[in-house]
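Features reported for this protein in Swiss-Prot:
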DOMAIN    32-207  domain 'BPL/LPL catalytic'
BINDING   ARG71, GLY72, GLY73, GLN74, VAL75, THR76, TYR77, HIS78, SER138, LEU139, GLY140, GLY151, LEU152, ALA153  substrate binding site
SITE      LYS135  site 'Lowers pKa of active site Cys'
ACT_SITE  CYS169  active site, acyl-thioester intermediate
Amino acid sequence: MYQDKILVRQLGLQPYEPVSQAMHEFTDTRDENTPDEIWLVEHFPVFTQGQAGKAEHVLMPGDIPVIQSDRGGQVTYHGPGQQVMYVLLNLKRRKLGVRELVTLLEQTVVNTLAERGIDAHPRADAPGVYVGEKKICSLGLRIRRGCSFHGLALNVNMDLSPFLRINPCGYAGMEMAKISQWDNNATTDNIAPRLLANILALLNNPPHEYIPA
């Protein structure tokens, strides 16, 4: 069935705001026949403040812009070397609940890291994926008219120092991690295809097609 197909866009390195705007336009204009999409992207340095975000968690942004976002959660950082995956899914059509989608995204990351010998886990008290006590992946979603947007951000081989300018996801002193601390060969180029393969597997391997950005 055509509607089961997922279209995949690889967007490369992009500013946050135009991609966010395009994601909103896609979600606002889609109907029950619109195929789902997954967008793979890296962003230029930016702090994004989620709907629950409190200004006091942005400690000293300095030269990095702070942008308000309508995803769930608190403040986080995006930058080159972090793989972002936006999931634009019709949850009703795929018979997925919001909590199920969160669990599916967390498991996608856990499975991707396990392929590289990294033992990661979600936490009941703080969304995302962790290696030990350190956070390696942030999650933030929004649901509109039964469709998801926003998604996850997995730290691959990025500079983690900007996270010190914020309380990541509202947790003071939350330590961040990246895949390259365990695997020097990790890049967004080789992690993105595995993230995609693992989420598709958890969605029961629907047909998918890469489309030009």
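Using N, Cα and C of the backbone, Cβ positions are placed for all residues, glycine too.
Not measured: the values here are computed from a predicted model.
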Recorded positions (VAL75, LEU152, CYS169), the one with most neighbouring Cβ atoms at 10 Å:
VAL75
Going by DSSP, give the three-state secondary structure for ARG71 (substrate binding site).
coil
Among ARG71, GLY72, GLY73, GLN74, VAL75, THR76, TYR77, HIS78, SER138, LEU139, GLY140, GLY151, LEU152, ALA153, the record's substrate binders - longest CA distance, Å:
15
Enumerate same-chain residues with a sequence separation of six or more from LYS135 (site 'Lowers pKa of active site Cys') and a Cβ-Cβ distance below 8 A; give 'none' if the list is empty.
ALA126, GLY128, VAL129, PRO168, CYS169, MET174, GLU175, MET176, ALA177
Overall pLDDT of the domain 'BPL/LPL catalytic' (32-207), taken as the mean:
97
Within 10 Å of the Cβ of SER138 (substrate binding site), how many other Cβ atoms can you find? Include all protein chains, please.
28
Does anything in the same chain, at least 6 positions from GLY140 (substrate binding site), have a Cβ under 8 Å from its Cβ, and if so what?
GLY50, SER69, ARG71, GLY72, GLY73, THR76, PRO127, HIS150, GLY151, LEU152, ALA153
For CYS169 (active site, acyl-thioester intermediate), name the DSSP secondary structure in the helix/strand/coil scheme.
helix
Including all protein chains shown, what's the count of other C-beta atoms within 10 A of the C-beta of ARG71 (substrate binding site)?
21
Using Cβ atoms only, which residues of the same chain lie under 8 Å from TYR77 (substrate binding site) while being at least 6 residues apart in sequence?
PRO45, VAL46, PHE47, THR48, ILE64, PRO162, PHE163, ARG165, ILE166, PRO168
